[in-house]
Ligand SMILES: Nc1nc2c(ncn2[C@@H]2O[C@H](COP(=O)(O)OP(=O)(O)O)[C@@H](O)[C@H]2O)c(=O)[nH]1
Ligand SMILES: Nc1ncnc2c1ncn2[C@@H]1O[C@H](COP(=O)(O)OP(=O)(O)O)[C@@H](O)[C@H]1O
């Protein structure tokens, strides 16, 4: 069964998991909990031209770049995707994602919708998860409570949020972030189910299957 050889190759590649959602829904909070509770999932650190917030660390939350440095990364084709969001640039370093997937580990990208749609063209087999707020008023409350953005910026982020939610149909799953723990549980369950699905399609039983044939 030659197809098993191909199958084994497919099976050993990691799964690309893309998480998007409106600003303030809790993507950072959920991903940070996933990083603590599911260390087998590798988090891709993005580059951005936005300034660091209090408590954010270079190389952990983002790689903070000037506009010139960011443009250089684009010109050198070092970005898997990039997008402009509320006046700043954000992008995914390509090499890290490709090498990590190739090594068989699952990778999480926490990126906005335009970038996610570009990634979907390159990795249609990825899992695309949209994190939803319980309501728009709760979303606004979270942005205000976080206290990192001006009233004007919160208005822009809420207006972008409405457009982003319209793109939900491009995602495989919507997960409501009502409680952080339960959102993380659901994301882990989705990834586990995808592993089971791929295992069913490409079972790692080539040794004894070869004997049967
Ligand atoms: N396309 C793209 N979007 C990103 C990337 N990194 C972060 N983002 C998104 O950029 C948006 C703004 O991020 P940020 O300034 O940290 O604000 P926050 O979402 O309110 O915490 C969010 O939707 C992020 O998911 C990236 O590498 N590529
Ligand atoms: N499930 C939740 N319930 C209540 N507050 C939350 C929840 N998830 C996140 N938050 C809070 O909402 C605010 C925005 O979360 P954050 O992770 O920064 O969102 P995002 O990365 O999507 O912009 C933060 O103050 C965070 O503590």
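Note: Cβ is positioned from N, Cα and C throughout, glycine not excepted.
In TrEMBL this protein carries:
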| type | residues | note |
| --- | --- | --- |
| BINDING | 21, 22, 23, 24, 25, 26, 27, 28 | ATP binding site |
| DOMAIN | 14-192 | domain 'Guanylate kinase-like' |
(message) For the ATP site (21, 22, 23, 24, 25, 26, 27, 28), what does the 8 A shell look like? I mean other same-chain residues with CB within 8 A of the CB centroid.
(response) 131, 133, 139, 142, 177
(request) Under 8 Å Cβ to Cβ from residue 24 (ATP binding site), same chain, six or more residues apart: give me those in sequence order, or none if nothing qualifies. (result) 133, 139, 140, 142, 143, 146, 154, 157, 161
(request) Rank the binding-site residues 21, 26 by the number of other Cβ atoms within 10 Å of each Cβ and report the first-ranked residue. (result) 21
(request) Quick one: of 22, 28, which of the binding-site residues has the smallest count of other CB atoms within 10 A? (result) 28
(request) Using a Cβ cut-off of under 6 Å to any atom of ligand 1, determine which of the binding-site residues 21, 22, 25, 26, 28 qualify. (result) 28
(request) Please work out which residue of 23, 25, 27 has the most C-beta neighbours within 10 angstroms of its C-beta, and give that one of the binding-site residues. (result) 25
